[in-house]
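Engineer: Below, the features straight out of TrEMBL:
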BINDING   B:Arg108, B:Lys148, B:153-159, B:183-186, B:Glu191, B:His214, B:267-268  ATP binding site
DOMAIN    B:112-297  domain 'ATP-grasp'
Number of protein chains: 2
Amino acid sequence: MSDTPLPQGATIGILGGGQLGRMLSVAASRLGFKTHIFEPGAAPPAGQVAHRVTTALYEDDAALTAFAHGVDVITYEFENIPTSALDTLSALRPIRPGREALRVSQDRLTEKDFLSDLGLAVAPYADIPNAAALAAALGRIGTPAILKTRRFGYDGKGQARIMTPDEADAALADMAGAPAILEGFVDFTHEVSVIAARGLTGEVACFDPGQNVHEGGILRTTTVPADLTSAQRQDAVLLAGRILTALDYVGVMGVELFVTKAGLIVNEIAPRVHNSGHWTQNGCAIDQFEQHIRAVAGWPLGDGSRYADVVMENLIGADMDRVPALSQERDLALHLYGKAEVKPGRKMGHVNRIIRP
Amino acid sequence: MSDTPLPQGATIGILGGGQLGRMLSVAASRLGFKTHIFEPGAAPPAGQVAHRVTTALYEDDAALTAFAHGVDVITYEFENIPTSALDTLSALRPIRPGREALRVSQDRLTEKDFLSDLGLAVAPYADIPNAAALAAALGRIGTPAILKTRRFGYDGKGQARIMTPDEADAALADMAGAPAILEGFVDFTHEVSVIAARGLTGEVACFDPGQNVHEGGILRTTTVPADLTSAQRQDAVLLAGRILTALDYVGVMGVELFVTKAGLIVNEIAPRVHNSGHWTQNGCAIDQFEQHIRAVAGWPLGDGSRYADVVMENLIGADMDRVPALSQERDLALHLYGKAEVKPGRKMGHVNRIIRP
């Protein structure tokens, strides 16, 4: 049954109960699927709109097994799932996207090697097992540069900038002994991302690239259409297609790109729906969440056509105070995540502004 | 607290667990609310995307009381809620839209009287308590005419056409002793509906009227924009506003109108989100479901602006066989209801087709 489209009423298991799992759950419901969320934390946002929730640790083999038996296919909202959990789950049900995508994207060094081997341009980088390697890499790559933990980094966490070589020791200390990678700075004009999808039968469909603005390491806005030439737009789609096909990927992937005078440079990939694709909820008949569900359910992909220009803005921490005013703006769609507690830097929701011609 | 906007994390109770409750639940989640569904039937479609579900009869006073205590405000997806249940619930929590709207719309005769008293044009009608009244009414109104039960009719059920006077007895027998109303036929060119909303502080916002096509008494398609002159469009909005204000209404109402050479005639009103408003999910930043949730939560209404032309088509019964083909159409949004069993005449889902200029 794993290669035939999931029928109405089938259940999709989702690892992770945050806002991405929540929006995946809503999209699954539009296609007539039920969802079952697996999440260690209590009262996950996704649980408010899911058919079932399992609250258990990724180390709880019995809970994982019961979860797998209760679903038809398994997907996830985040890439840092422990390998032991994946071993248990993948023996029982298909996991989509597959393990190769997780293996590659869970480690920044592996990911950079993978992208380089595909012939794609990436920032200069070096494996940093120790201080000597860092000194050597800084000699080769120069400053400014950025030291990052190889694993478990997101939204600017686990990163240290090195503006001059004498900051090297402090940056390495910030890694707290974790394996690290040094990345050189790229002289880019702006960042865009491609939300790309690949179906079970190998077809690829990309949404229009969006242009991203970050603040403090966290995505602030995504604007479509992005400022790209027609050639750059095609390059972006073609390189995303190469990445997905090389991984025999099934699902939606976020591919972040730096736009430079010399061409597009791949910043990073995320094997899941992506914050920079939230605009699709109000610009396309089929959004990134439904596209992902279609792929993992073995359905045909939607074509990803865009019928409106959109600016997506994240609501972070105290931005929630703006909700009463935002709720009165014309052509503005609110998407709040139902998180109980507002914290600084916490993604609480986003808005999509429709831009009329 | 009943007059202040509901805060993030509040719970909205919804009576009825069908597709309307389901889409209300999803819309509530976008605003950061949880939902609790009350539904007698097992495994309701809305339960798949709700935080909690109570499965109990409307005669179960203890279940109604526990439900009310667990929610902040109560709304509903259908108008035929037993009065005793409303008595129990309204003593504990606000019910929006309020009881006057239910009282009026639960009885076709009361509704027609209410609309007439407002000075709005309706089809000729007469109360039919018995055969003598039917004969007299047919003498006055003429044929063809249509006999309808005063209560509990929907989707063409509880109706009998009378094409010639000799069909009167058979039609009355179809009513099975239920109180009935006779309605004269209206010579209309087409039917439109206005999805109108009124907020807790009295503001009114209407979506663009949609043009409806029925088949066998069931809505088949709704198209926006509707074929209306600018004056008709204004009339439609103004008369909807009068209805809502007269009822001190809070929430979304569907107002069905016949378009005739002599002007607009009110066919019927539904004190809830309405099938003919499903197009708003893909044509507006704020759809009818969110608009309803905003109203019952005491939030400001959205402005209802439309940014795309849409044709909504219902998927009824065996239409579900078309889903694989439909899922591959460009600019087509699927909305399936997660109903376990396909039955003839059963609404299983709908699609919204974006119409590009």
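Please read every residue number as a count from 1 along the shown chain.
Here the Cβ of each residue, glycine as well, is placed from N, Cα and C on the backbone.
Because TrEMBL annotations are produced automatically, they should be read as predictions rather than curated entries.
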Engineer: According to DSSP, which of helix, strand or coil covers B:Asn267 (ATP binding site)?
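Structural biologist: DSSP call for B:Asn267 (ATP binding site): strand.
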Engineer: Far apart in sequence but close in space: which same-chain residues, 6 or more away, have a Cβ under 8 Å from B:Val186 (ATP binding site)?
Structural biologist: B:Ala123, B:Phe258, B:Thr260, B:Ile265, B:Asn267
Engineer: If we count other C-beta atoms within 10 Å, could you say which of the binding-site residues B:Arg108, B:Lys157 has the fewest?
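Structural biologist: Result for the binding-site residues B:Arg108, B:Lys157: minimum number of other Cβ atoms within 10 Å at B:Lys157.
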Engineer: Through the lens of DSSP with three states only, how would you label B:Arg108 (ATP binding site)?
Structural biologist: helix
Engineer: Return the residues near B:Glu183 (ATP binding site) by Cβ distance under 8 Å, restricted to its own chain and a separation of at least 6 in sequence.
Structural biologist: B:Lys112, B:Ala123, B:Pro124, B:Tyr125, B:Ile141, B:Ala145, B:Ile146, B:Leu147, B:Lys148
Engineer: Please work out the number of neighbouring Cβ atoms within 10 Å of the Cβ of B:Asn267 (ATP binding site), leaving out its own Cβ.
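Structural biologist: Within a 10 Å radius of the Cβ of B:Asn267 (ATP binding site) lie 19 other Cβ atoms.
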Engineer: If H, G and I count as helix, E and B as strand, and all else as coil, what does DSSP give for B:Val186 (ATP binding site)?
Structural biologist: coil
Engineer: For the domain 'ATP-grasp' (B:112-297), provide the mean pLDDT of the predicted model.
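Structural biologist: Average per-residue pLDDT within the domain 'ATP-grasp' (B:112-297): 95.
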